[in-house]
Amino acid sequence: MNETPRVKLHGFNNLTKSLSFNMYDICYTKTAKEREAYIEYIDDVYNAERLTNILKRVADMIGAHVLNIAKQDYVPQGASVAMLVSEGPVVEVPEDDGPLPEAVVLSLDKSHITVHTYPEYHPNDGISTFRADIDVVTCGEISPLKALDYLIHSFDADIMIIDYRVRGFTRDIHGYKLFIDHDITSIQDYIPEHIREKYDMIDVNIYQENIFHTKCKLKQFDLDNYLFGYAKEDLSEQEANETTAKLRREMDEIFYGKNMPNTV
């Protein structure tokens, strides 16, 4: 990617950059007991404490300073973490009378990072789906796109739906408005090639509105990776084919965002 020439700004860079990363993990379980075990397993793997560590790493990667963290594990399942971050260092405001220090300008560049998890399942088909939604919203020069590669590796998803948009404007020293401060033609520009090769991808971009949307679906399908508690060799050929069809349909429905005919 070509570097955008640096422009001298008038005042503070108040462009808001929002990255929304939605990942899906699909699994097949034959019985209600197996389904409950899967949901318990996924709920434990992506508990609030681990999600907090992921978000701390995201904050570190984008050069942000953590101001506050709120986290919660839910019953019966699911977790949420919300983190308030700042581009500048954390500064304690003195209680004494007198002028405030210049560093208190960090109040202008508040940003936040959040994650919510949503385990769910089909009532009849044995399909269980785990979804995690991560939102990284920054104001100032911090770019949330710096953390995209790390987020992809952290969740190793079957399906990814990624949205990025830039809002607001800043000005150069002549008063000329800047509605974006970096080059981008696609979110794929920020995904390493070795990851792009693993996924089928679709872009829907509205360049004049600074809206970028990329959907990703894993190319390689190995039934063993989607069975919880047993292996493909434990299924008859017919069971394996039917299970594969159910899983592929589930993935296609999520990827294309619509219900599809049941061919099983």
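The backbone N, Cα and C atoms fix where each Cβ goes, and this holds for glycine too.
Among the features that Swiss-Prot reports, active site, schiff-base intermediate with substrate is placed at Ser111. Feature annotation from Swiss-Prot assigns pyruvic acid (Ser) to Ser111. Annotated active site, proton acceptor per Swiss-Prot: His116, in sequence order. The feature active site, proton donor is assigned by Swiss-Prot to Cys139.
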Determine the most Cβ-crowded residue among the active-site residues Ser111, His116, Cys139, using a 10 Å radius around each Cβ and all protein chains in the structure.
Ser111
Three states by DSSP: which one describes the residue listed as 'active site, proton acceptor'?
strand
What is the separation, in Å, between the Cα atoms of His116 (active site, proton acceptor) and the residue listed as 'active site, proton donor'?
21
C-alpha spacing of Cys139 (active site, proton donor) relative to Ser111 (active site, schiff-base intermediate with substrate), in angstrom
6
